[in-house]
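Pulled from TrEMBL, these are the features on record:
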- 21: active site (ACT_SITE)
- 192: active site (ACT_SITE)
- 331: active site (ACT_SITE)
- 308, 320: Mg(2+) 1 binding site (BINDING)
- 320, 322: Mg(2+) 2 binding site (BINDING)
- 149-353: domain 'ATP-grasp' (DOMAIN)
């Protein structure tokens, strides 16, 4: 690894992208750039516009904050291209061929498709540059709720009932009886609760499928799980040690307009709070932490993940895994690790160093 003349590790923070979670990525990236230790790291901002152009990123994290319900987005600036040649790994060039910057490690603060789903991880794997977070397989599987649940089920982990709709838009009577009402209709490969509907009557089911298909041709229909929503973070250190955070219990998630934890409830309405640590007995807490680490390993994750659960009367049920959780100021992942004794700056340091160590080995 070459180091900049300043002696600092050069971190390319890549954000934005073609996903419906573009703005959330921008807010997360601003927070990451603002918390990377300036004595150790030199930040190289790399933006991806909503239409997929790679551009010189915003170098002032203040301009990537959420203000008055206005979600930021990547502006069209001078375009750049990442090098895919291992001999020039980490380089970003302007269209005329001149050098914009050279990075030692990529931090893809990208949420959703075309970023968190293995595509960007595969792109940078071509040039052998270290990338923060899970690799191609774990990212792709973690993005697709169908395969997340298949891998978890294969490991014997507790999951709920679901039906996958690929081409069809209707459920059979047997499937309706299996799932019951209400159900949640979701894009199979999406996040931030975008495109999700809670259906309490089968008459409303076709409209919910249509909404989900606006974001993904594959739709997953899940039965409602009655329980408290709990989130647990997983962090891998450079020496391979894997730890789980204290869990957080979300409060007020049912207060969203659709009766669940939707996009506005997560990011705009300030109606959701969290109890950190979650008010759970020690046995349940330890079980959730163990299941979170088992889920991390089932998908062959590296670096980080956030695992979401429902805690029911009969025990925890896995909901999903997020391989690049939000890093916004209100995101659970940095909050639950802060409560676990790992400050935001230290969390980022572990993640960057883990990526560098992984490639060096």
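Cβ from N, Cα, C; glycine included.
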Whole-number Å distance between the CA of residue 322 (Mg(2+) 2 binding site) and the CA of residue 308 (Mg(2+) 1 binding site)? 8
Taking only same-chain residues 6+ apart in sequence, whose CB is under 8 Å from that of residue 331 (active site), what do you get? 28, 31, 325
Going along the chain, which residues six or more apart from residue 308 (Mg(2+) 1 binding site) have their CB under 8 A from its CB? 229, 230, 231, 232, 318, 319, 320, 321, 322
The sparsest Cβ environment within 10 Å, among the recorded positions 21, 320, is found at 320
Based on DSSP, name the secondary structure state of residue 331 (active site): helix, strand or coil. coil
Determine, from DSSP, whether residue 322 (Mg(2+) 2 binding site) sits in helix, strand or coil. strand
